Amino acid sequence: MSNVTVCVRFRPLSHKERKANGDNVCFRKLDSESFVFKDEREEDVIFSFDKVFYEDAQQSDVYDFLAVPIVSDAINGINGTIITYGQTGAGKTYSMEGPSILHCNEQKTGLVQRVVDELFVCLRSSAGTWTVKLSMVEIYLEKVRDLLDLSKDNLQIKESKTQGIYISGATEISIANSSDALENLSQGIANRAVGETQMNLASSRSHCLYIFSVQHGSTSDERVKAGKIILVDLAGSEKVEKTGAEGRVLDEAKTINKSLSALGNVINALTTGKQNHVPFRDSKLTRILQDALGGNSRAALLCCCSPSPSNAPESLSTLRFGTRTKLIKASPKSIPEVVDNAKKPILGTHDQDDLRDRILSKLRLSLKEEDVDLLEELFLQEGIIFDPNSITDIDSACQDTRSEEILLLMQAVEDLEGTVEELTDENQKLRRELEVAQEISAQAQLAAATAGAAARSRTLLDFVPAPLLRPFGLHTWLRIQPLVSSLPRQPKLLFLSPAPNPPVSFLSITAMATATTSASTYCCNTLLHLPRPTHFRRITPPTHRLELSFATRRAAAVARFGPRARASSGPPPPPVFETVVEEEEERGWSDAEAEFSDEVEDEQEWAGGNGAARGKDLGADAGEDLSGWTRQWPRPRELFVCNLPRRCDVEDLLELFGPHGTVLSVEVSRDAETGISRGTAFVTMCSLAEARTAISALDGFDLDGREIFVKLASDVISNRKNVNLTHITPTKDHIFESPHKIYVGNLAWSVQPQDLRELFTQCGTVVSTRLLTDRKGGRNRVYGFLSFSSAEELEAALKLDKTVFFGRDIVVKEAHVERPSP
Ligand SMILES: Nc1ncnc2c1ncn2[C@@H]1O[C@H](COP(=O)(O)OP(=O)(O)OP(=O)(O)O)[C@@H](O)[C@H]1O
């Protein structure tokens, strides 16, 4: 059987609740001890208690059931405690005090007044002597304040062998009758901290304790019985968002909720077999209630609930608290009967403290020191006076100080947690702002770069005519540019560089792209479907750059795609491309390095001085050092081909060698005067392996009735210029011309090719300029050939016939383009 009597009281619906939900209530009555309540999952739960007081229950019903046994026990020296618990506005104070302690009719009188009345009735009807003393304290913001003397605003809770837990220094007023008591009670109640919340206009903001100390001397055995009745009106638990608490009210609510949860923890510890470690010292409230809950006192709990469905969650929590409290099992002990009333004075707690020194010093005046010491020892043993050196008290004081410090530290930790939370929020906000700013800045940079790129790409398109680009595959790049640009979150071609001057044999287009990983992958896949990509590879993570080269016919193109460099230091993204780099063969790193320098020189040459060295140039634009990538290119190999039919042209050779690898260049040797093929050619394959494949397939191949001869150029012509180099620049014999070709004659001796180009640029894009010179003397042979990118341009050029140029009337005629007959 529990030593705590637990009852539930549902107050009547308030006007406000009735307005919101009509007459609906959140429970269904079963009998006077149990009812059905819907839990948060809308499931019916049956709650049973020692007694349930429904809305129509009277104050006297509550008193009779709860308080009568406690009052009679107190007179017999057993302490008793009655606690009202519940949500704010649930009727705790009403149950304790009634509508008003002083002015209310008999029917509505609360527990406090009824206890006082009953006490005096019982004591008067008994034969012995008695005294009743009243103390009133409140626990407000974790401080014990004396409601009968407001100057005592931080009383200490102590423990002694004789008294158990007591509030040291609390004012005790002797009361002789009920009206005396009511007067003092009303003064104390007036001093109580009360505030207005949305839930209750006069909400108690503190836990209030009414303490009645009763000493009753029996006539039969001349012993005195001391008992205490403590009535505790707890402050209401509240959801701060529901009560609209802020500022000081919020602080109050937090402290109230904290001490109530400490009370919950104590109840849990007492009911889950953890009695050895009950956290009574976690709050002032639990420390004061230690005797009541811990088994040294009779206790009763009145769980006050609102019947309204709108307060059902809070009521449910109160009911669960009550259920748990019912599980506490312990039997209250009677306080030892200590003093013979006839011989010994009845001394109150604080009197003992105050009188101790006075008595002893008085005795010292008339008695010997040893006798006084003996008497003091006797007084201590009998519990008449308080021993300042008592280990229990010192220990208790220490523990109190410790728990106070712990509370302060917990408060500080809570404050710090709040600050950390605020700072974390602030930090996240700033991070988001930074991200937005970075995004904006990156977009601005991208826009600027795109604008620059557009200008450069126009330059290239203007400069290199489409018919010229087509054989080299470059038109494909230009064609995919809009495609790439339209990708979702897409790469954008930022620039095309360098812009080569014709004639060209090696064209390099470098495209910088911004891309997400998926866009880069998409790009990569797209590019792989282009004609004959030769290799691609990923450059340094985490930029997602893609470097892709492909060569069709005699040109190679390099594209590099990737998003803008990531500023953030996040983890590198997973590689998105397989590295497909042809292995370097038969050479060491130093060879490759030397080769790279040669290549740079050659490219500077063909770029007409306008473009910087490729690696350097790209690196500058891309914002990183890219020189490394060039080194990993496979080393091209030159083949010597002879015994070719005269009409065999570059395109025929490309068709012939293309199936065996990537043809980087083809040069057909022609007579400089007549332009007729000499039947020999040089074909550069992308790698040694490809060159060997071509040799095994084509050496001895029958081409139009002639058995052609294919060997490595280095094996056949040991002194051939650049035979071992990797460059794929044109030699002087190789001429790129478009079909729109003119003959220009009657030129002055001093005319140079660039003068001719300048003159004819006004007609359109000059694809090629060739000025014939005397092989021996190196002199200008006063005629040459130019080709244009379209027939219209050719027509425009023909109109310059007879134009005076360098003091001579030049002759301009359409030139016959020699094509091999099919
Ligand atoms: N049994 C009841 N019969 C009639 N009115 C009641 C009853 N119980 C409570 N009330 C009324 O409900 C209102 C709130 O009650 P009370 O002040 O007692 O709540 P409380 O639980 O003490 O709240 P708080 O914790 O905020 O102090 C008061 O106006 C009170 O008169």
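Count begins at 1; order follows the chain as displayed.
From the backbone N, Cα and C atoms, a Cβ is placed for every residue, glycine too.
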Of the ranges 406-447, 490-531, 658-699, which one does TrEMBL list as coiled coil?
406-447
Is it possible to get the count of other C-beta atoms within 10 angstroms of the C-beta of G86 (ATP binding site)?
28
I'd like to know which of the binding-site residues listed (Q87, T88, G89) lie near ligand 1, counting only a CB under 6 Å away.
T88, G89
Residues of the domain 'RRM' (637-715) by DSSP state, where helix covers H, G and I:
25 helix, 31 strand, 23 coil
Limited to the domain 'RRM' (740-817), I'd like the whole-number average of pLDDT.
84
Would you identify the secondary structure of K92 (ATP binding site) according to DSSP, in three states?
helix
